[in-house]
């Protein structure tokens with residue numbers, strides 16, 4: 001059994017590739033069921049955010065398991081394998097463990113140290129439990145990752161004042177306009193990202209903000225959090241009318257297809273006013289063809305990289321502090337995993353050797369007869385037990401210390417074969 005992660009992120013793939021592989025929460029159960037149907041995948045969990053899709057799996061055969069995950073990604077994204085492979089990364093064993101801990105800590109985020117990813121890792125864990133995607137190994141790994149993420153945020157300052165995707169989008173907007181207070185601004189969507197957009201827009205002086213959302217209740221819940229902002233709430237039916245009156249539009253919905261495109265924008269945007277679009281959704285809410293309209297400027301999540309570059313520079317030292325904490329958590333998981341694998345074999349070997357010792361001791365004592373004093377029997381008992389312990393001690397220490405997973409498994413298999421040990425493999429992972 002080995003742990004592998006196959007995926008892509010803002011570091012390896014552009015948004016036009018990431019959006020094809022985005023898996024909405026409503027589709028997670030189907031994805032987990034599909035993946036667990038492959039012959040070499042025992043456990044699986046899926047992290048899907050605007051900046052990454054990562055599939056963590058416990059595989060019975062590393063190479064074949066990775067091929068199965070890659071095939072799955074090709075199928076759901078309708079992307080040829082030859083094209084997809086250039087954007088994927090694959091990490092195995094301890095590298096996969098370390099990567100998940102880094103993700104949970106915000107060290108792999110576009111915005112270094114951002115806090116939203118930890119909540120997303122928690123959601124992945126809960127959904128994987130709910131839909132029976134994970135077993136003992138990944139359950140422990142995700143718990144370790146959540147612990148690591150919490151430690152990094154409580155024991156370092158990396159999360160203090162960290163920008164988010166939403167705040168980065170607002171910062172980008174500020175570089176494009178002189179004064180937010182003089183602009184009509186609309187936000188399409190009323191989820192967590194939209195809430196953060198309102199927070200940062202209000203902080204930067206925006207006074208005219210309209211929320212466009214399908215659910216009136218969700219929009220009202222958002223507005224209650226900002227009573228001082230006097231937000232205007234409208235239904236999705238009025239979206240294009242609102243967009244036509246706006247100077248800046250931020251989109252943050254769960255739509256799987258673009259909701260703004262060249263045809264519907266051309267009808268409502270005036271040449272005198274123009275329009276700036278900031279799309280922080282993946283899949284994108286704004287079609288690429290809007291760039292053909294001279295009166296429209298459109299930006300997506302990949303355009304935020306320049307904005308967050310300064311954030312990375314100022315947080316590198318804090319990231320180094322976080323790395324040390326993460327290594328402690330990686331080692332804690334590795335120790336647990338090593339014990340999980342080695343304990344059944346060691347226990348079985350000790351039981352077998354002890355049985356042999358007792359049998360041979362009994363034979364020897366029976367030959368010596370009843371005249372052999374009881375105190376002498378105790379000495380021989382201690383002697384044989386000491387010999388067994390001395391012989392087994394060093395091999396067991398070396399086995400537990402073996403950090404290379406495949407080498408450790410080869411050692412275990414050799415022990416099981418050489419001593420004819422009957423190990424129930426399921427006990428190690430059940």
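Just so it is clear, glycine is given a Cβ too, placed from its N, Cα and C backbone atoms.
Quick caveat, the model's predicted, so the values are computed rather than measured.
The secondary structure of residue 120 (substrate binding site), as reduced to three states from DSSP, is helical. Per Swiss-Prot, the feature substrate binding site maps to 49, 50, 51, 52, 109, 114, 115, 116, 120.
Residues or ranges marked as active site, nucleophile by Swiss-Prot: 50. The Cβ of residue 50 (active site, nucleophile) lies under 8 Å from the Cβ of 18, 22, 165, 280, 281, 282, 301, each on the same chain and at least six residues away in sequence. Taken residue by residue with DSSP, residue 50 (active site, nucleophile) is part of neither helix nor strand, so it is coil.
Of all Cβ atoms in the shown protein chains, 19 besides its own fall within 10 Å of the Cβ of residue 99 (site 'Important for activity'). The site 'Important for activity' annotation in Swiss-Prot covers 99.
Under the heading NADP(+) binding site, Swiss-Prot lists 189, 190, 191, 192, 193, 194, citing sequence analysis as support. Sequence-distant contacts (6 or more apart, same chain, Cβ under 8 Å) of residue 189 (NADP(+) binding site) comprise 212, 213, 251, 252, 253, 254, 281.
Excluding the listed site residues 49, 50, 51, 52, 109, 114, 115, 116, 120, the same chain places 106, 110, 111, 117, 165 with Cβ atoms within 8 Å of the centre of the substrate site Cβ atoms.
Across the residues the record lists as binding substrate (49, 50, 51, 52, 109, 114, 115, 116, 120), the two Cα atoms farthest apart are 15 Å from each other. Least packed by the Cβ count within 10 Å, out of the binding-site residues 190, 193, 194, is 193. Apart from 189, 190, 191, 192, 193, 194, the NADP(+) site neighbourhood in this chain, defined by C-beta within 8 angstroms of the site C-beta centre, holds 187, 195, 196, 197, 222, 252, 253.
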